[in-house]
Amino acid sequence: MTLWQAFILSLIQGITEFLPISSSGHLVITRELLHWQDAGVAFDAFTGLGTLTAVLFYYRKDVCSILYHWFRQFRHCDAPPAPEAKLGNQLIVATLPALLIGFMVKDHIDALTHRPLLIASTTMIFAIFLAAADFWGRKKLSLPETNYRQAFYYGLAQTLALVPGVSRSGITLTAGLAMHFSRESAARFSFLQSIPISAAAGGYGLWKLATNPSDFSWQLIALSYVTATLAAYVCIALFIRFLNTVGMMPHVIYRLLLGAYLFFVFM
C-alpha cells in the first residue's frame with residue numbers, strides 16, 4: 001500500500017465512521033472500484049483506533065463522568081446508581097450482543113466483505129428504515145430516559161452492522177429514532193455505544209498484529225491513524241451541530257443513490 005492509498009482509505013474511514021452511511025461498505029467499494037488490495041490488519045487496527053480516539057476526545061467529559069460514577073457505584077451499593085453510572089451499565093448491555101455474535105460469526109462476516117451487490121442492497125434497504133424511523137419517530141425521549149430494555153435493543157441493532165453496508169451508526173440511530181428518542185439523544189447514545197466495541201475491535205486487531213507480525217510501515221500507520229482521527233472528529237462535530245436542522249434525509253438520499261450506482265456498476 002502506498003502513502004497515497006493509505007491517506008485516501010483512512011480519510012474515507014474517518015469521514016464515514018460516524019455518519020449513517022457505512023464506513024466498511026465505502027472501504028470495500030473503494031478497493032473494488034480502484035482494484036486496491038486489502039489494507040491489512042495493521043491499517044484496520046490503527047484507523048479503528050484513530051476513530052476511537054476522535055469519539056473519546058469529543059465526548060471526553062461524558063466518558064470521564066461515566067467512568068467515575070460507574071466505579072463509584074460499587075462503593076455505594078446501598079444507594080441507587082447515579083444517572084452516569086446507569087448509562088455506563090446500559091452501554092455494557094448495548095455492547096454485549098455485537099461482541100458475542102461478532103466473535104461467533106466473524107469468519108462468515110469476513111466472507112461477505114467482497115460482495116458489492118450485498119453492500120448495494122443493504123445500503124438501500126437500511127436507508128429506507130432510517131428514513132421511516134426519522135419520519136415516524138416521535139423524538140420525545142431524552143438520553144436519561146433510556147431503560148435497560150431499550151439499551152438491549154440498541155445492542156441488537158448494532159449486531160446488524162456486522163453485515164457490510166448496514167452502517168453501525170445508521171442502524172443504531174434508526175433504533176433510537178424508532179424508540180422515539182430525539183435525534184440528539186439517539187446520536188449521543190449511538191456514538192458512546194461505539195466506544196466499547198471499537199476498543200474491543202482495535203484491541204483484537206493489535207493482538208492479531210502482535211501474534212502474527214507482518215511487514216508494515218510505521219510512517220504509513222502514523223499517517224493513517226492521524227488522518228482517521230482528524231477526519232472522524234470533524235465529522236462528529238459537524239454531524240451533531242447540524243443534526244436537528246438537517247436531519248437524516250441527506251444521508252438517506254445519498255445511500256439510495258450510492259446503492260443504485262453500485263447496482264449499475266456491479267450488476
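Counting begins at 1 with the first residue displayed.
Glycine is treated like the rest: Cβ placed from N, Cα and C.
Note that the structure is predicted; figures quoted are calculated from it, not measured.
Long-range contacts of the transmembrane segment (1-21) within the same chain: residues 27, 30-31, 36-37, 39-40, 43, 47-48, 50-51, 54-55, 123, 130, 167, 169-170, 173-174, 191, 194, 219-220, 223-225, 227-232, 235-236, 239, 248, 251, 254-255, 258, each at least 6 residues beyond the stretch ends and with a Cβ under 8 Å from a Cβ of the stretch. Residues or ranges marked as transmembrane segment by Swiss-Prot: 1-21 (among others).
Under 8 Å from some Cβ of the transmembrane segment (39-59) lie the Cβ atoms of residues 1, 5-6, 9-10, 13-14, 17-18, 23, 27, 31, 188, 191-192, 194-195, 198-199, 201-202, 205-206, 208-209, 212, 214, 216, 220-221, 224-233, 236-237, all in the same chain and six or more residues away from its ends. Swiss-Prot lists 39-59 (among others) with the feature transmembrane segment, giving sequence analysis as the kind of evidence.
Sequence annotations record features per position, and here Swiss-Prot assigns transmembrane segment to 85-105 (among others). Within its own chain, the transmembrane segment (85-105) has Cβ neighbours under 8 Å at 66-67, 69-70, 72-73, 143-144, 146, 148, 151-152, 154-156, 158-159, 161-162, 189, 192-193, 195-197, 200, counting only residues six or more beyond its boundaries.
Feature annotation from Swiss-Prot assigns transmembrane segment to 117-137 (among others); the stated evidence is sequence analysis.
Note on the transmembrane segment (189-209): residues 18, 41-42, 44-46, 48-49, 51-52, 55-56, 58-59, 62-63, 66, 87, 91-92, 94-95, 98-99, 102, 143, 146, 154-155, 158, 168-169, 172-173, 176, 181, 236 of its chain, located 6 or more positions outside it, place their CB under 8 angstroms from a CB of the stretch. Residues or ranges marked as transmembrane segment by Swiss-Prot on the basis of sequence analysis: 189-209 (among others).
Cβ atoms under 8 Å from those of the transmembrane segment (220-240) belong to residues 1, 3, 6-7, 9-11, 13-15, 17-19, 42-43, 46-51, 53-55, 57-58, 184, 187, 191 of the same chain, restricted to positions at least 6 beyond its ends. The transmembrane segment annotation in Swiss-Prot covers 220-240 (among others).
The annotation transmembrane segment is assigned in Swiss-Prot to 246-266 (among others) on the grounds of sequence analysis.
Beyond the ends of the transmembrane segment (117-137), by six or more residues, the same chain brings 20-22, 25, 28-29, 160, 163-167, 170-171, 173-175, 177-181, 183, 247-249, 251-252, 255-256, 258-260, 262-263, 266-267 to within a C-beta distance below 8 angstroms of the stretch.
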